[in-house]
Amino acid sequence: MHRVTCQSCRATKSCVFLLGNRFFREMMALDRPNSYSRSNTAVFKGVDLHSRTNNTEHHTSEISVDQLIVRRGQPFILTLKLAQPFNPDLDQLIMTAETGNYPSETRGTMSRFGVPNKVPASASSKAVWKAELQKGSSPETGSLTLTIKPPADAPIGEYKLSAKHKEEEQVLANLSVLFNPWCSDDWVFQPDDEQRQEYVMNEHGVIYRGVDNYISQMHWDFAQFEEDMVKICVKILDMNLKHKRDPAEDVSARCNPIYVSRVVTSMINNANFGGILQGSWGSDFRGGVPPSHWSGSYAILKQWYSSFYSSVKYGQCWVFAGVMCSVMRLLGIPCRVVTNYQSAHDTNRNLTVDTYFADYGVRAKESKDSVWNFHVWVEGWMRRPDLAKNNKYDGWQVLDPTPQEKSDGMFCCGPAPVTAILNGDTHLKYDVSFVFAEVNADCVCWLVKKDGTMDKISTDNITVGQNISTKSISSNKRMNITDSYKQREGTEQERSVFRYALDRLKSEATGEGDTGGSGEKVLSGTSEMNTTDPVRTAETNKPSQLIIQFKEDSRPVNGGDVNLKLILSSESTVTRLLSVNISIQAMRYTGQPAGNIQTEVTEQKLLPGQDLSIPILVPFLTYHKYMIVSQSLNVSVIITDLQNKENIYLAETRIKLMDPPISITVLGEAVVGRELTAEVMFMNPVKETLRNCTLTLSGSGLFTGEIITNLPDLQPSNRIRVQFPMFPYRSGERSLMVDFDCSSFRDIKASCTVYVK
């Protein structure tokens, strides 16, 4: 590349010249130096890709203004300079667009088209590109301004664009083609501009965690427009197993967002070869960082790409979902992150989850089935003509990159139409039955006695699938979308859908239906299914019902004692003598116990017409060591009527402790390229020294990567204040993300919005 000054405008421009015996005097400004192959030629002189203009029109200028990135189904322009006049009546420019290592017109990965269009496309050609000569061209001087349009069904990816004229062929550009949610012919078309701005263009989001009655939010930096994200996302597609088995077919199939999104779900996790993130749901995170460390996607994707595609350690469901959302938005598929509370993992596909309690109150054994405090997946927006021709299943599709069960032999899940989940169409692909169970399964509780026998305590038909949440459009408020997934609990319609879904699964098990693309058949379960009750209910149908409630005076905070009250009441007219067994366990968010914290057994008298209040105290020093690696406390109570020991009652609640507060203050006005100072403050709330303290800062447009700072030990009741500089490099609304980690508290998060001019 030569740096010159254009004599007409006196502006310095990056220009490419074809070098012969002398420099050509006619120069063309190029947006990207490597977009034109330099070779001695008597026909082609230069090309202007108008990358800034094209990318702005194609909504890709946030990614780059130098590299040409266009969306399919939408025209872009380029100006080609020939060494001699061009006569459209006599001459013809033949252009070729190709992608992948095995380009083929019949597969849609290569297209030949002419200017003027005298190149007939064969009947077997797919994804035919078109070009027209713009009226503003000057063919008599050899200056051709062309309008080129990739079809709305072109495979996405990296393309080589070349031109042939007078037996001489020249590569004009390397460009990227993405899905186009602005194009009505594209299967990912999203007609609402507010939704396009939120689900494609917004680089920042909120992911919901906690438990259903303690919903907490964490800000997530999707950063889909950061440097090299196009290369990273295309490499993700190239690394998938289907590409390795049949690269020609895989690249051809990238015309289909159904196929692409399914590939992405399989590549986010490393349970399949070459995946981005390694999952870990225990407490050993050696060789990496805990999943709770991450605040955004770019650091993960950049590490995977820079390490020659070694899996990054470690992730859990919200990390998998956050990374997948970034990839989907970059590729042009509208995408949002969704959290399901009390999310069932039904391994045997019988719509039932079994939980086992010992007669002394704690969970007796692990079940293959489980109910997670929460589970996070993504939804992608696309048409589903493969399922119905009447657009019935178009719209939001569940895609789950967390490796749970295999689907068609691989750990992936979806796309499953949300409409199909709502209607109980568990026979449809992909993996509708699995997601239906996540939001609808029944919970059966069993009492395991000392002799090993089991009694069914209760069937809970309500708990699973609560407060299904996503970020609202244009705000950080939580939007409850439960009604789009399931019928209202307690209605005949809900019960009817459940029966219909179960019947479909039974038909599959007997070979009367397909597997919905899941690759599995239904297995028989240990639990009984009551499919005749008109309304599903959580009552246990025992005589002399006992009403059990948990109440708290204030929201529990990690670092302080937890105080609850167990409230018992009954409509009985006589005094009841009760054995009350209260157990506290540390729980992982996957619903599995991480440790028994304390157990207390007392005998209590419940007087007729009166409430019995039993205080529950869990001191910080008692629960502290368990909560460093756990996400919630599980408080369970088993109550036995001592006057009739056949009457046994169970209740439980989960408590998510609030993190101690951390504050961020931005000092001064934020301007691109100008130093900006931010300040972080944190006070030690406990009576012990905090050791191994680190502060991690991140934020797209503010930092090019994570900034990790080691801090000194923090004494009890002492406060630490850290100031640090930033140099914003992109304008607009930016999110500054802060993570504080130490020996006693794992990854306390905070964020603030920075408006950069």
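Just so it is clear, glycine is given a Cβ too, placed from its N, Cα and C backbone atoms.
Given the structure is predicted, the values throughout are model-derived calculations rather than measurements.
TrEMBL has this to say about the protein:
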- 309-403: domain 'Transglutaminase-like' (DOMAIN)
- Cys317: active site (ACT_SITE)
- His375: active site (ACT_SITE)
- Asp400: active site (ACT_SITE)
- Asn440, Asp442, Glu489, Glu494: Ca(2+) binding site (BINDING)
- 508-543: region 'Disordered' (REGION)
- 524-543: compositional bias 'Polar residues' (COMPBIAS)
Subject >> DSSP helix/strand/coil residue counts for the domain 'Transglutaminase-like' (309-403) >> reply: 15 helix, 43 strand, 37 coil
Subject >> Local confidence of the prediction over the domain 'Transglutaminase-like' (309-403), expressed as mean pLDDT >> reply: 91
Subject >> Residue pair Asn440 (Ca(2+) binding site), His375 (active site) - Cα distance, angstrom, rounded >> reply: 14
Subject >> Spatially closest candidate among Cys317, His375, Asp400, the listed active-site residues, to Asp442 (Ca(2+) binding site) (Cα to Cα) >> reply: His375
Original post:
If you measure from the Cα of Glu494 (Ca(2+) binding site), which of the active-site residues Cys317, His375, Asp400 is the nearest?
Top reply: His375
**OP:** Write out the long-range same-chain contacts of His375 (active site), meaning residues 6 or more apart in sequence whose Cβ is under 8 Å from its Cβ.
**Re:** Cys317, Thr339, Asn340, Ser343, His345, Thr402, Glu438
Original post:
Among Asp400, Glu489, Glu494, all listed as recorded positions, which has the most CB atoms within 10 Å of its CB?
Top reply: Asp400
**OP:** Using all protein chains in view, find how many other C-beta atoms are within 10 Å of the C-beta of Cys317 (active site).
**Re:** 27
**OP:** Express the distance between the Cα positions of Asp400 (active site) and Glu489 (Ca(2+) binding site) as a whole number of Å.
**Re:** 25
